[in-house]
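Heads up, the thing below is written out as structure tokens.
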Amino acid sequence: MSFQIYRNTSVGESLMETIEQLAEEGKLPEELALAVLKQFDTSMSEAIKKFVTGKATMKANMKTYHYYENVWTFSLEGVEFKLNQAGSGSMAGAQTMMCNTAKVVVVDAKLGEQV
């Protein structure tokens, strides 16, 4: 089982647009399109586990939050992200990014490993 949250990324949206276009033109059967999307979900999850080693912190004011079927969604305001790309050590020298609003979706990764 894998999560479909990566389909909301720019890469995921581009893939889905391309698949829809090919399906409309009759060049891609529906079952193959679904298999491609499922493989994308699995590959994104595996790639993040394998290649993302950075450490991040965030500070914000929480506007709203929702919890449904083991997925937390937070709407945040006045957000400050700090990213330490090395993945270890002090956050003192970490790159800081600010934004007015952000939406954070949190899913327990262990749920994606269950069959």
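Quick reminder: no glycine exception, Cβ is built from N, Cα and C everywhere.
What TrEMBL records for this protein:
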DOMAIN    2-48  domain 'Transcription initiation factor IIA gamma subunit N-terminal'
DOMAIN    59-105  domain 'Transcription initiation factor IIA gamma subunit C-terminal'
Just to confirm my parser: what is the rounded mean pLDDT across the domain 'Transcription initiation factor IIA gamma subunit C-terminal' (59-105)?
89
I'd like the per-state residue tally for the domain 'Transcription initiation factor IIA gamma subunit N-terminal' (2-48) from DSSP, helix first, then strand, then coil.
38 helix, 0 strand, 9 coil
What counts of helix, strand and coil residues does DSSP assign across the domain 'Transcription initiation factor IIA gamma subunit C-terminal' (59-105)?
0 helix, 35 strand, 12 coil
